[in-house]
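Asker: Structure incoming, see below.
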Amino acid sequence: MYHPGRSPSFLITLANVICAAILFDIHTGGYQPGSLIPIVAWMTPFVTLLWLSASFATYLYKYVRTRLLPEEKVARVYYTAQSAPYFDPALGVMMQFAPSHGGASIEVQVNPSWISLLGGSLKINGDDASNESAVLGSFYSSVKPGDEPASLVAIKSGPQTIGFGCRTKIDGDDCLFTANHVWNNSMRPTALAKRGKQVAIEDWETPLSCDHKMLDFVVVRVPKHVWSKLGVKATQLVCPSDKDAVTCYGGSSSDNLLSGTGVCSKVDFSWKLTHSCPTAAGWSGTPIYSSRGVVGMHVGFEDIGKLNRGVNAFYVSNYLLRSQETLPPELSVIEIPFEDVETRSYEFIEVEIKGRGKAKLGKREFAWIPESGKYWADDDDDSLPPPPKVVDGKMVWSSAQETVAEPLNLPAGGRVKALAALSQLAGYDFKEGEAASTRGMPLRFVGQSACKFRELCRKDTPDEVLRATRVFPELSDFSWPERGSKAELHSLLLQAGKFNPTGIPRNLEGACQNLLERYPASKSCYCLRGEAWSFDAVYEEVCKKAQSAEINEKASPGVPLSRLASTNKDLLKRHLELVALCVTERLFLLSEAEDLLDESPVDLVRRGLCDPVRLFVKQEPHASRKVREGRFRLISSVSLVDQLVERMLFGPQNQLEIAEWEHIPSKPGMGLSLRQQAKSLFDDLRVKHSRCPAAEADISGFDWSVQDWELWADVEMRIVLGGFGHKLAKAAQNRFSCFMNSVFQLSDGTLIEQQLPGIMKSGSYCTSSTNSRIRCLMAELIGSPWCIAMGDDSVEGWVDGAKDKYMRLGHTCKDYKPCATTISGRLYEVEFCSHVIREDRCWLASWPKTLFKYLSEGKWFFEDLERDVSSSPHWPRIRHYVVGNTPSPHKTNLQNQSPRYGEEVDKTTVNQGYSEHSGSPGHSIEEAQEPEAAPFCCEAASVYPGWGVHGPYCSGDYGSLT
């Protein structure tokens, strides 16, 4: 505790007070002179003064020496966010921050749970011009130097990697293929790099490029010594298939690479594809690799955080940059005249390709834009080649091809030069033989042909299928059919015996008029317009079509050209001029022939108006009951010459219907492998179903029950829709007359004549289009308010008594049932074209046949099976079995793949014990739990309880058939 008596100041003050008291006493005389006390009393103040002086001096000294400094404070340093969160493939969620006191910004890794804040900033680079996007749920892997594809190369601008590309061949040139926005932008490329080494870019030529955002590519001619120095090898560009497993590569340098895997998907537009591989800054132009090669090139994002976009490299290389006229068939892309673009209901994109010109790109079509801005087919007749002239009974072309420079003799009912050679090649020996059959469609043997085909034996069911039957009992219902002329004849007699000729319905004209309103008008082939055709112009167009991607190169050319080559490819390679001349001459004959209705099928062949139709058994698994019965599926192979005749007459019309499938009743252009196409179809059916409940009809042996009046109705509608002139209309009518009056040929050369008009020939170019329109016409005739058809498959508005009405039209309807709905009457599921279609998914219903064929092939291509069956609810167990029991080199990393579109097991189906093998259609859970309802007045009402007791359209009276 503090005590004041212990303080020096207190003691000094006390001593001075005492001394002051003593001095006061001295002053008042209290002490005697000579006493020492006054001296001591004076000394104390003096010492005190000295002490004070010394203390003050000390204070001054310390004061002067003490430095006054600014107050020290704790400095608060903080950083301000300069960007929204973005995604880095190696580090995760990142942000840019700048310090409050100034200075360079820093990159900070933030909490991964903040992924929800990414939003639109999934674009990797963070700036608005970025083309790159991460894909949520995807992963990246580090790639060791040297493990990347040998064709991959990095494109540098100084130390920064601005893109990637690959070495490949474009139209025969060895080149670099990359994105145009990588090669031609503000950051000029300075070097190509591979495995940590780089070579400076010089003034290399870029002969082909396109700067359109949707078709972003450039072709760079890189010297071979550069490729050699870098150790870069060429890769091939391959046609993408839907759901290809693909990989993309990228990174900050060529020896610090990451890879991202995903699935490649085709879209409606063939020049474009989408993929789910994640990308990062500087990945533009990177090749999209599948196990087969490069399927595309990454150019940007399609849907931020979900899907990226690529250019279909195979399409660009083989359709837009190819200098040869012949186009590959893989993508089923066709070139159309520029004037036909305006007949399509969807938008084409217009692109300019440096080194090729301007083009319009559609879904599965493209057209080159004429440089003059005017299509040459729009020229006046005076500017077209002169028409042929008749001189002394001979038709002469003033500018004929060298191979037909001589005047061609065209006497009435005769043949021209090339067709005469064709007939001589066939070696027909026509003779009137005995009747082959008098039941249904009467048939008669009429001779032999010198054009014969190999007689093959039936294929045995392999052990692989027998073993799989223990796991998939559905496979036991299939086997391979018999082959050869004996099987062909037996099946022909069975099929034709079911033909039931009928009269023309009284309401046919009105039904045709109603149907015409649902189809678009088309334009005919430009060289067949007007009444004066140019032989040279027709011949030139035939040559183009013969070399187009539309022709199946692997198919047989039919009778009699199979004597020259076994495939269309080999035939056209060696004898293009002969084929084109035969087609051209036949077109002119068809446009002039009269009174063909009085001619027999043999007479039509003799006159050179058509060729025999070859019959053969289709090599696909057949139901065992059909094999036991000997009722095999026959293909009616129409000759290549007749196919090209049909393409010339009806090609533009059929192509328009394919392009417009979403807007017309006929669906030959439909492709259910794409999710958006299946959804578009189901949405359309749901709307139609709300008008009149949907029903599925199964017509037995449709091709063999087609009536002549149905074929005549189709060709007359074609003439109206195409605006055919008189000459073209006559050619079309005569072609159909030949079409419905055929001579069939078996593999051993036996010729058989049909003696009544009718029957659809399955190998015709018009089969899908004509069958679809006839099928819609049938629905119109029985009173269905709507119908869609793909060949003989249909979904239509319900009609009571439909089976009997179809029978009166000559068609046996073995099954007619309403489509599955929910308890509220909403459309739930349809089966169409062997596919089960629902609102959010679609899968192949005939998977047992596909699996049987796959296991029987002996060549294990897992990707083919996956492409066809992966959307089925049975795919997980199929994949599990195939991966473990077949020796395919293509099955890698399959067990851990994430489910594909439609792959997840359908819980609705499983919960109800639905088996496709049993043939019972699946219904919704709501239907399964539906309580027993009151009696209904008709079958339709019992299936659509939401419509009430009476159901929709109960009367069923939709037009007279007699």
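We count from 1, first residue shown onward.
The backbone N, Cα and C atoms fix where each Cβ goes, and this holds for glycine too.
As listed in Swiss-Prot for this protein:
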TRANSMEM  10-30  transmembrane segment
TRANSMEM  36-56  transmembrane segment
TRANSMEM  74-96  transmembrane segment
DOMAIN    135-335  domain 'Peptidase S39'
ACT_SITE  His181  active site, for protease activity
ACT_SITE  Asp216  active site, for protease activity
ACT_SITE  Ser284  active site, for protease activity
DOMAIN    692-806  domain 'RdRp catalytic'
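I'd like these features described in context: how deep, what's nearby, how far apart.
Answerer: In this view, His181 (active site, for protease activity) is surrounded by 20 other Cβ atoms within 10 Å of its Cβ, with every protein chain counted.
For Asp216 (active site, for protease activity), the same-chain residues 6+ apart in sequence whose C-beta sits under 8 angstroms from its C-beta are Ala179, Asn180, His181, Cys210, Val299, Gly300, Val311.
In the three-state DSSP assignment, the secondary structure recorded for Ser284 (active site, for protease activity) is coil.
Taken together, the residues in the domain 'RdRp catalytic' (692-806) have a mean pLDDT of 95 on the 0 to 100 scale.
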Asker: Per DSSP, how many helix, strand and coil residues does the domain 'RdRp catalytic' (692-806) have?
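Answerer: Computed counts for the domain 'RdRp catalytic' (692-806) are 52 helix, 26 strand, 37 coil.
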Asker: Quick one: what's DSSP say for His181 (active site, for protease activity), helix, strand or coil?
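Answerer: Note: His181 (active site, for protease activity) is helical by DSSP.
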